[in-house]
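Presented below is the structure to which this report refers.
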């Protein structure tokens, strides 16, 4: 028999809840939310779809298509949130400013937000957007877990070296509280570590693992 992460079943039964263009359109601010953030084309939607075993988040050949706060229901008390992608050059500046304003309002005022998953493309980590998110997480005391996405694009040795380099840089600049891992959506690499982070933030880790046949 094999131990099963308690968050896995909830992720597999997740459903689309609603999209919000601004904070007052979000669900009631109660329960547990974990938000997924990342620069455009960092693989955010693909990672979210892989974790939920579904096609919940819209993927596109054109980065920056996620323009709303998209909420996905795990159960009556728990939600995942797909945040707008940032940084794509073809997105008009007024739209970028609109996204930034409402993202800041969501991140700064959402009581139910328990943690932030930040996606970084392993080939281009620590962008200006990533640094801003790291600064915000530390300043606000928000738990953060980083997925170095597209790890399959590098050899394992190169991916591991990048992980160690970014991990060292984060520890020097932002302390030891932020965790980081390798992740690949197509190869399904790193799922268990990501599920463990989600389970802890959603207060499922102490409920005991379910036994899978």
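Glycine is no exception: its Cβ is also placed from the backbone N, Cα and C atoms.
Since we're looking at a predicted model, the values are computed, not measured.
The annotation GTP binding site is assigned in Swiss-Prot to 38-45, 64-68, 82-85, 149-152, 182-185. Residues annotated as Mg(2+) binding site in Swiss-Prot, with sequence analysis given as evidence: 45, 66. Taken from Swiss-Prot, the feature domain 'EngB-type G' covers 30-204.
All features noted in Swiss-Prot, drawn onto the structure.
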residue: 38; record: GTP binding site; DSSP (3 states): strand
residue: 45; record: Mg(2+) binding site; DSSP (3 states): helix
residue: 68; record: GTP binding site; DSSP (3 states): coil
residue: 85; record: GTP binding site; DSSP (3 states): coil
residue: 152; record: GTP binding site; DSSP (3 states): helix
residue: 185; record: GTP binding site; DSSP (3 states): coil
Among the binding-site residues listed here (68, 185), identify the one with the smallest other-Cβ count within 10 Å.
68
Candidate with sparsest Cβ neighbourhood (10 Å radius) among 38, 85, the listed binding-site residues:
85
Whole-number Å distance between the CA of residue 185 (GTP binding site) and the CA of residue 45 (Mg(2+) binding site)?
10
List the Cα distance (Å, whole number) between residue 68 (GTP binding site) and residue 45 (Mg(2+) binding site).
13
Using all protein chains in view, find how many other C-beta atoms are within 10 Å of the C-beta of residue 45 (Mg(2+) binding site).
24
What number of additional C-beta atoms lies within 10 angstroms of the C-beta atom of residue 42 (GTP binding site)?
28
